[in-house]
Structure formats: structure tokens, C-alpha cells
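What Swiss-Prot lists as NAD(+) binding site is 29-57, R98, N137, and the listing cites similarity to another entry. If you look up Swiss-Prot, you'll see R105, N137, R168, T247 marked as substrate binding site. Residues annotated as active site, proton acceptor in Swiss-Prot: H192.
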Amino acid sequence: MSTKEKLISHVMKEEPVGSRNKVTVVGVGMVGMASAISILLKDLCDELAMVDVMEDKLKGEVMDLQHGSLFLKTKIVGDKDYSVTANSKVVVVTAGARQQEGESRLNLVQRNVNIFKFIIPNIVKYSPNCILMVVSNPVDILTYVAWKLSGFPRHRVIGSGTNLDSARFRHLIGEKLHLHPSSCHAWIVGEHGDSSVPVWSGVNVAGVSLQDLNPQMGTEGDGENWKAIHKEVVDGAYEVIKLKGYTSWAIGMSVADLVESIIKNMHKVHPVSTLVQGMHGVKDEVFLSVPCVLGNSGLTDVIHMTLKADEEKQVQKSAETLWGVQKELTL
């Protein structure tokens, strides 16, 4: 008899029960790992699967996380074979070519489309009912690409979008007002990145509209220069990349925030990337961020935001820029 047999006597043969809320992270780069640790530390799933083409890096990261199993409640698995991801509830895609210093998110496109042609069919094969969350940049275009390649209905393909931009925005407004970001309600919509649209008309603290107090807020003529805050949001990622080489922690926490709303069926409203054709005067098949309700079935509803004419124009301009790139893509 082995030590194990001497120690433990079976009462019944265990039937394998699949995980109810398995999450997969595709890509073990900086963003993938920050997403993984954020998901683990928030205890969101009972199984976390990780997959990447870089076998040694993947093996090392998985092993490193598994060594912390005592401090976690999540089973951690990893393999370059996508069978490890089977029956995931949410699949987070962070894989792709990384943005170089000074490189625009749009420049990354075709490099990442080619990577997605391998990743997406594999995800669909093993988790045909999952909710796909795209994080790789440029996120709005790649969410469209994932939607096209997966054949999933639009409510099951979500881009992390401006969830992070809005968090950065709220943090900076909070800094200026000496308040916690959760008390500074503010939304950034449109494209994640350079042409994102700050909705100044909706910025409020405790229901008090800041534009009511300062009608010039967000315009060139504003003596307090609130507009600079949005510039800081846009420049924020480039600044971090310049200083440390990549961004990871905030996007990782942002991803975990979205995964939590889905897995816990919270019906929380997040600015995430979805098909906006027919909204805010957008005519083309593009994905942009608008406030959306997230729950167990994915993206169930869109909130109709009241945008000012110039804000709406900016959204349409983003849409045109993205469509200009999308129609050139070979899918």
C-alpha cells in the first residue's frame, strides 16, 4: 500500500464536474499576467487557464503562479494546446504584437489580425459558448476582427475599450478635486486611445454636474484648463510605456473589473467596445465604446447617452477612421 492509500480511504468514485466559471487568459505577456493576477486575487473563478505560443515563458509563469496555490482558491492550468481552455465562461485575449514606443495603436493592426486568425478559431472550437473579451490593441478594430472570425453573436464579443480610459479620467478628476475616483462620475467613449471622447456634459460628483458650475469645462476657453485632464488620459499610456516599457497593472485591474461583472452577473454599466452601427449617427460596422450593461450572458444592453453635438461628431469621426482601416484588412 502506498502512503496515499494508507492516508486516504475512498468513500465514492468522484465524477468529474466541470468548472462553472472558468476563465482563460490568452497571452502571458505583461498585460496577460497582470490580468491573471488581478482575476486570481479577486477570486473570480475556480479555474484559470493560460495559453500562449511561447512554451517556456508560459510554463514558467504558470509554475510561478501555481507555487502560490496555498494562498489562492483557484486551480491554475496552462498549455500551448487550446484543449486546456475547454468550456471557459470568459476568454480574455491579450495576445498580440506589442505597441512600440511612439507607435500608434492603429499601426499594430495587420500584425495582430494575423495572430487572431490562429487564436480565435481555437477558442471557438473549445469554448463555443464563451464570452470573448478582447484586450489586444488596437482594441476596437480587433474586437471587430474577433467578432467576424468567431461567428459569435455581438453580445458575446466585448472589447475592453475605454473602461481603462474612463478609470484614468476619473482618477485624474479625483486628484484635482481631492476625491476618491469612485465619487467622480465621468465617462470616456469612442475609440480606446488617441481619438477617445470625454463626455464633459456628464461629469458629476454626487449628482452635481461640474459643467453647471463651470460652463466652459472641457473647452479651450476654460480658465481652469480641465481639457488638459483628457490630454493626460490620452498621453497616459505613452508616458507609462516611455518610463517602464509597457503598461500592465491598470489594464489588468480593468480586465478583472469587467470579468467580475460578467461572472457575478452584476448588471454593472461599463464603457466597453461593442457594435455601434446605428448609434450616435454611426453608419459603418464598427466597434466603439459606449456605456454597456454586463452580466452572465455577456453584453445585454446599451445605455443611450445624451451626447452634445460636438461629442457626437467626434464619435462619428472615430468611426470613420476605424472603418478606413477595417475595410483594408484581409480577414
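From the backbone N, Cα and C atoms, a Cβ is placed for every residue, glycine too.
Using CA atoms as reference points, the recorded positions M33, V53, K57, H192 were checked against R168 (substrate binding site), and the closest is H192. In the three-state DSSP assignment, the secondary structure recorded for L41 (NAD(+) binding site) is helix. By the criterion of other Cβ atoms within 10 Å of the residue's own Cβ, the least surrounded of the recorded positions K57, R168, H192 is K57. Local packing around the binding-site residues N137, T247 was summarised as the count of other Cβ atoms within 10 Å of each Cβ; on this measure the leading residue is N137.
Taking Cα separation as the measure, T247 (substrate binding site) is nearest to M33 of the recorded positions M33, I37, C45, H192.
For the recorded site, M33 (NAD(+) binding site), the DSSP three-state label reads helix. Each of the binding-site residues I37, V53 was ranked by the number of other C-beta atoms within 10 Å, and first place falls to I37. A sphere of 10 angstroms centred on the C-beta of L41 (NAD(+) binding site) encloses 13 other C-beta atoms. According to its DSSP assignment, A49 (NAD(+) binding site) is in a strand.
Burial estimate for the binding-site residues (M33, C45, A49): highest at A49, by number of other CB atoms within 10 Å.
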